[in-house]
Amino acid sequence: MRVPFSWLKAYVPELESPEVLEERLAGLGFETDRIERVFPIPRGVVFARVLEAHPIPGTRLKRLVLDAGRTVEVVSGAENARKGIGVALALPGTELPGLGQKVGERVIQGVRSFGMALSPRELGVGEYGGGLLEFPEDALPPGTPLSEAWPEEVVLDLEVTPNRPDALGLLGLARDLHALGYALVEPEAALKAEALPLPFALKVEDPEGAPHFTLGYAFGLRVAPSPLWMQRALFAAGMRPINNVVDVTNYVMLERAQPMHAFDLRFVGEGIAVRRAREGERLKTLDGVERTLHPEDLVIAGWRGEESFPLGLAGVMGGAESEVREDTEAIALEVACFDPVSIRKTARRHGLRTEASHRFERGVDPLGQVPAQRRALSLLQALAGARVAEALLEAGSPKPPEAIPFRPEYANRLLGTSYPEAEQIAILKRLGCRVEGEGPTYRVTPPSHRLDLRLEEDLVEEVARIQGYETIPLALPAFFPAPDNRGVEAPYRKEQRLREVLSGLGFQEVYTYSFMDPEDARRFRLDPPRLLLLNPLAPEKAALRTHLFPGLVRVLKENLDLDRPERALLFEVGRVFREREETHLAGLLFGEGVGLPWAKERLSGYFLLKGYLEALFARLGLAFRVEAQAFPFLHPGVSGRVLVEGEEVGFLGALHPEIAQELELPPVHLFELRLPLPDKPLAFQDPSRHPAAFRDLAVVVPAPTPYGEVEALVREAAGPYLESLALFDLYQGPPLPEGHKSLAFHLRFRHPKRTLRDEEVEEAVSRVAEALRARGFGLRGLDTP
């Protein structure tokens, strides 16, 4: 979650600096992934009003006449370039962060363009480049440097734990900071409502899917660009401003972790219903995609008489037909509490992950809908000139939180502390809890937005969190003679040896959760997990994992989404939970030439990862081979089972292309092995003092032929003096026949007690050649280096 410092500071004015905020949030349990400075807007970018917009005949361009403190003309190809809006104008000579070059004065289609009217991407404030950045035409005096009203911002990229959905809103973070002692300024909802009848009705046909649903009414709207301060806040938080009505709904969502949606009343009909989708129903969502709805999808629908039609996917994304437009004058404002499981399934089913669905999947304040309505409607009054009806349509009776017994003495006993009773009670009150009673047992009712506070131990944890975990006294454990753990420690020593060897080969160790998303069983084509959690931290952590590799794939995807590394080489040793609990080792390779920056040739992922495993088992003194075998989650032509000392222990291959496509990943190669590995008695063998003989062999085989089949054939035919066999080249293309590939091997022969004669080596190579030809394979050549 992106947290703009200035926005949070509006609620917590005493915040000292972004660096102090990072430290405070870390103490509260929120890790900052990175701190980013955004909006370095050059002085040469000024505010300008569009006075005129004229199409240039024969082109898609427009000639804009601007007031930028003086009248100038620019040429723009943006579709939204029109009279009556404010724009960001880069004057000639300005170097733009989004372009990396200076803006000039040029003649385009016979028009001298004095600078450039900018999109968010060109200005460097957002990713959108399909149109001009729009402002209200009276936002600033023309010619004012935009940086004066849009100063640089500091944004903290925060990791919010699944048990704290309230912290997905800036107000939730502000409340936690208030518990530390900072003053809290709650945003006001200065609403001037009118006693008016509502022109629509509400029907909730699925109360389990929508336990609390509210509709507000605003009319007389003037849809326009949002003011600069709101656009700046939304861009900093990672969202694109649309117009003042839509922006208000997004702003309040980011403030309160409560998604909402505005429907243009012209397209609602007689009212709004909440129901399950009907078989075959279709809906064009705001992203422009026509979707076939599933009968389990929860939808917001309108109706006229007996006709009912979907308006949006509840809690996920609205429909394109009822979206707010420039000529929208009246809206129905939906603010609801939806069932998290239903929203998660709908979002996954349609491949949609939105800011709204993310929050609904975690859970929203069941009593927060009416305050969010008031806040949004008050902003619509202020920014869009709306008139607002006093009445709300409301369905459902949300259950208030229950009181929890709390004993300060028990908290100290559990934590090993001596926090004063009054101090503990004060902390709970600052967190928004209602505290009743005189002690020794108090009745504490948590605020409705704290869905994670259910037990007395939860309250104890809150006391420790706000006091600071560093205030808990350290105590050395009592000393007891160490038992004889040699038999128990042996597996751990072997695991540590694996870690050491893999780290030495260039792998990075990662640790992932022991939980998995049950939906990942479908996505990765695995058997359903056997062990489901009764009280999961989040829906995506509702089962105990059965494999390690999905966690590694998730780690890779998160890193690719963040900064797109060129290569990755990861491993994990951890527990999995099947019929019985097992320890596994899994590895992942992404990118070519991983760990070989000096190599002239880039090895393919499969053979590179196989080479790493060969090196691993050579260090461990264990025999290793791969035999072709299909696995549902691996590429049909790049998958095999791993055998160690002749015993099957796992798999190696490429992630199935269909899975990679669903996850929007490039090719990824994986292995996963069951531990402990088979044992082999260690025996010292004196290294041979006699020289080795080398031969290269290139075998032409049909493209579908598994590598393991060719390798096994060569090893069997070569005889006892073949010391090693290594693939060094894989080639397809001319002059090979179509549908064939060439596998080139290094063969190393050595006798343990004497020097091999050339004729012995040639005899072994001849046996290999005959065996290959007998199988129908061809040879490209025999070479002696």
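Every residue gets a Cβ built from N, Cα and C, even glycine.
Here is what Swiss-Prot records for this protein:
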- 39-147: domain 'tRNA-binding' (DOMAIN)
- 399-474: domain 'B5' (DOMAIN)
- Asp452, Asp458, Glu461, Glu462: Mg(2+) binding site (BINDING)
- 688-780: domain 'FDX-ACB' (DOMAIN)
Among the binding-site residues Asp452, Asp458, Glu461, Glu462, point out the residue whose Cβ has the most other Cβ atoms within 10 Å, with all shown protein chains included in the count.
-> Glu462
Using DSSP, tally how many residues of the domain 'FDX-ACB' (688-780) sit in helix, strand and coil.
-> 29 helix, 33 strand, 31 coil
Other than Asp452, Asp458, Glu461, Glu462, which residues of the chain come within 8 Å of the Mg(2+) site, judged by Cβ distance to the Cβ centroid of those residues?
-> Arg450, Leu453, Leu455, Glu457, Leu459, Val460, Arg465
Take the domain 'B5' (399-474) and count its residues per DSSP category (helix H/G/I, strand E/B, coil), listing them in that order.
-> 33 helix, 10 strand, 33 coil
For the domain 'tRNA-binding' (39-147), what are the DSSP-based totals of helix, strand and coil residues?
-> 6 helix, 46 strand, 57 coil
